[in-house]
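Undergrad: What TrEMBL records for this protein is below:
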TRANSMEM  14-32  transmembrane segment
TRANSMEM  127-147  transmembrane segment
BINDING   Gly227, Pro228, Pro229, Gly230, Thr231, Gly232, Lys233, Thr234  ATP binding site
ACT_SITE  Glu451  active site
COMPBIAS  703-712  compositional bias 'Polar residues'
Amino acid sequence: MNGNPKQKNNLPKFNLYWLYAVLIISLMFMFFRGNLGDGGFDKEVPYTTFKEYVAKGYAKSVTVNKSDGIARFIVTPAHIRDVFHQGSDDVGTAPTVSSKVPSVDKVEDFLNVTYKGSVSYEESSHFWLNLLGSTFPFIILILFYFWMFRGVNGGGGGSGGSGGIFNVGKSKARLFEKGAGLHVTFADVAGQESAKEEVQEIVEFLKNPSKYTELGGKIPKGALLVGPPGTGKTLLAKAVAGEAHVPFFSLSGSDFVEMFVGVGASRVRDLFRQAKEKAPCIIFIDEIDAVGRARGKNASFGGNDERENTLNQLLTEMDGFGTNSGVIILAATNRVDILDKALLRAGRFDRQIHVDLPDLPERIAIFKVHLRPLKYDPALDIELLARQTPGFSGADIANVCNESALIAARHNHITVTRQDFLDAVDRIIGGLEKKNKVMTEAEKKTIAIHEAGHASVSWLLRYANPLVKVTIVPRGQALGAAWYLPEERTITTREQMLDEICATLGGRAAEELVTGHISSGALNDLETVTKRSYGMVAYLGMSDELSNLCYYDTQEYNFTKPYSEKTAEKIDAEVHKLVNEQYARAKQLLMDNKEKHAALAQLLIEREVIFTEDVERIFGPRPWKSRADVLLEEELQAKQKTARVPVDNVSMTPPAIPGCPSAQSISAPLEQNAAEEAPQDEKPASVLPPEIPTVAAEDDQNSETPNEQPHE
């Protein structure tokens, strides 16, 4: 990588087509070599046998090479089986018999007496042709051997792409000199403000290191970007490369892995050698879990010794820098739980930067970034789109914008409309709409009753997720679906979980009450309910018999349960009790609102798709405010209070904590604050900062994604 690129470009390049041509010619030569006439099989026999065949009349024509001393004749078709004991299909239509003769004169005398056919004599020698035919296959094998090793090493960039068998251990990292070729900046990264701040600080370390070293600080040696897929970890690294204005080495964790022993460790050494020569610089390793997976604890079971050797070399190189070496390692993974602990310790990766799924304001910002290249309706409500996509990552939002443009083009729209975006969201969540799927009237009615049951129960429960729309149009594998708008809670209470379980069981409860039977359409509902109920009982201690106990085993690959068989029976009994109670509760709610549920089901049969406004027209408005509405009201009140604070007292006001009531202004009377907060019907779900770990079941993560109740 340190050589002159112009000199590299002037080097002659080997064209593989020449190799293919030589290989084909050699195969053709080997196939036709030794044949005469129209080609066939050649049999070498002793001279006495040769004379015997000629005397019996087996020869069609004879050729004598005086230089080589070889006589050869073409066998007549009638005697092919007598000579070769095979048919013409096996040895060809013109096979030959050859023999080394003692002298040309004796052969000539013999043929003059015995043979009456055509005889020809040759003076040229076939020595070099025979030599080439015998050695050419070995030459081809040697060339192919070197070409194979050239191809193995030539797949990567950097110095590893120069070719040759001795460059296999070279690093395959791509080098970007001071942002050249990269056009991504931090302006292209929407949301993730805390992660951007820490990453921007790393860039500042490299641009102005003395600012920190003069205060006695040390430049961090590494930062690990951790988060779910699609949240923008690699995009942040690209932004660093685009703005750092220092050499940037980029490679994947799998680039260290190779079929040859010792290559991985050699590539690690070569990478860091190049990085030290280019310092200050940044090394970015994407998907580091490919090489940084935790080493095996039991050597008797074997393991990937080559990968562990590569990891050991990586650990040594990362902890071997001087304080002011100016080399910073960035890495990204979505499986931090499987990384080796030695890799995560301070001194190697000093920082773990969490890149989480975006919240509502961040999704609005991400939509604005991905809407730039689109020609969309100016009246489009971006906040509505952000509310429709809770739990979506940045990659998902980019996919929504692209799908909406494709849908608009399919419908010949001039601009991308609001409905195009909503159809794109439905397409991504529920799958492709299947309007041509044939269903009987009875099946359609059952599906409508099921989905109307979900909508009715969720509308009547305080903590159930707000309804967005319900459809009985088949999508993907589901015959119908109900879309909700999950609240992005910091923590979840027992009452909230019970309401969500009850709403999920509303579909089956409606089927049993109205039709008198249950169907297989509730499979997904039962799976969700069972998983969430076990989480409440076994993990969160939210049951009467097993309260305040957590049977969660943090060892991912442990095959033993952290509780006894007797406790397992209690867990099963508590889960069964919890689910049955919520099922009975859902049935009671539907019985109390039987007419409204029937009207909603009939409307769904007629229109196939209904929205929140239709449910509100039948059931009336919900008497509870959603958490999002409460937070928006509190934010508005906080802005109003801040606007009334005198300038001299602004610095005395403590900062507002996200998700909590705003701090009271010092200049405002306590009575006025109490009067302003009194009308709130519901307190926020959390009074803790968002960075405090939440107590939530594994199933509670489902509340961060659009809730869909399919009827299969």
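Glycine residues also receive a Cβ, built from the backbone N, Cα and C atoms like all the rest.
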Undergrad: Counting other Cβ atoms within 10 Å of each residue's Cβ, which of the binding-site residues Pro228, Gly230, Gly232 comes out lowest?
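TA: It is Pro228 that, of the binding-site residues Pro228, Gly230, Gly232, has the fewest other Cβ atoms within 10 Å.
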Undergrad: What is the interatomic distance between the Cα atoms of Gly230 (ATP binding site) and Glu451 (active site), given in whole Å?
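TA: A Cα-Cα distance of 31 Å.
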Undergrad: Which residues of the same chain, at least 6 positions away in sequence, have a Cβ lying under 8 Å from the Cβ of Thr234 (ATP binding site)?
TA: Asp286, Ala332
Undergrad: Just name the most isolated of the binding-site residues Gly227, Pro229, going by other Cβ atoms within 10 Å of its Cβ.
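TA: With the binding-site residues Gly227, Pro229, fewest surrounding Cβ atoms within 10 Å: Pro229.
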Undergrad: Look up the residue listed as 'active site' in the DSSP assignment and report helix, strand or coil.
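TA: Going by the DSSP assignment, the residue listed as 'active site' falls within a helical segment, counted as helix.
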Undergrad: For Thr231 (ATP binding site), write down the residues of its own chain that are at least 6 apart in sequence and whose Cβ falls under 8 Å from its Cβ; none is a fine answer.
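TA: Listed in sequence order: Gln192, Val355, Asp356, Leu357, Pro358, Ser393, Gly394, Ala395.
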Undergrad: Determine, for the ATP site, the additional residues of the same chain whose CB lies within 8 Å of the mean position of the CB atoms of Gly227, Pro228, Pro229, Gly230, Thr231, Gly232, Lys233, Thr234; present them in sequence order.
TA: Leu225, Ala332, Asn334, Val355, Ser393, Gly394, Ala395
Undergrad: Can you tell me how far the Cα of Lys233 (ATP binding site) sits from the Cα of the residue listed as 'active site', in Å?
TA: 38
Undergrad: Give the helix, strand or coil assignment DSSP yields for Thr234 (ATP binding site).
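TA: For Thr234 (ATP binding site) - judged by DSSP and reduced to three states - the answer is helix.
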Undergrad: According to DSSP, which kind of secondary structure is Gly227 (ATP binding site) found in, if we only use helix, strand and coil?
TA: coil
Undergrad: Using all protein chains in view, find how many other C-beta atoms are within 10 Å of the C-beta of the residue listed as 'active site'.
TA: 28
